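The block underneath contains the structure these notes are about, expressed in structure tokens.
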Amino acid sequence: QVLEPNEFDIMLLMRVERLQLEECDDTGAFYYLSFKRNPKEKYLLKFLDEDGRLSAFKMLQALREIIKQEVKNIKDAEVTVQRKKARSPAITLQIRNPRTSDISVDIILTLEVQQSWPPSTREGLRVEQWQGRKVKGDLRNNPLYLVAKQNKKEKVLKENTWRLSFSHVEKTILKDHGSSKTCCESDGSKCCRKGCLKLLKYLLEQLKMKYTKELDKFCSYHVKTAYFHACVMWPRDTEWQWGDLEHCFQRYLGYFLDCLQRSQLPHFFIPQYNLLSPQDKASNAFLSRQLNYQLNNRFPIFQE
């Protein structure tokens, strides 16, 4: 969150030894999961569907019931479990906060698997020029994370698909974001990369509040993905000096506008997966118009 810290994501990790991944479409992001052999995690066998695949739906349902029961035991705060949102991998808790606005906590069921990333990620994470080959190798050695997320491309909702998640790696990249190790440290020079990301996140948040229906398809992940690509396009710290914030922000926004115009924003880790579907051309054009208006009128939304 850019404004007040009232939204939190918690990944609830379940470690699994080995899984068989089977792509369920051409995005390279969504998979059916099954066990390679008799799993050590015998307790998971009850969540297999009739095809022997691990059912995300069944697991989420069981977790939701556990959380509902546990919430009843909370006595010192008013906590409710929100109604299930279609296709959402999260179980959302609403925490009543009389002093400020309510706090929303998303609990996301995540499988952590110690095995190499699938082939669809091979051409992704192109940070060599920006952060170096060694960093890229270290990042790719992270475990594989899968979240219980149903595929949007499917006309019929498939209850047992899982989506790759890289939020743990993204967190590392955001933290160690410079091409030099000392970027933004007390003894290093300050860059404006994160400042640019916060500005565009805030801009999208405000526009979504204004045009909720029209911009329903967009989320901060689009902005974050464009940010990673921008860091790769302009890899040097000197290209993101703090004093050049305005210029850098407009350059980054220009790249995002170009993506909207072409309806083409490749996932940073899975390049074949386009986050801006051409089927959503009208939505992409609407956001593009709103952002261009802000850019050409010196961002009135920041003054509101």
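Using N, Cα and C of the backbone, Cβ positions are placed for all residues, glycine too.
Keep in mind that what you see is a predicted model, and the values were worked out from it rather than measured.
Per TrEMBL, the listed range annotated as coiled coil is 60-87 (candidates: 60-87, 88-115, 144-171, 172-199). Per-residue pLDDT, averaged over the coiled coil (60-87), rounds to 86.
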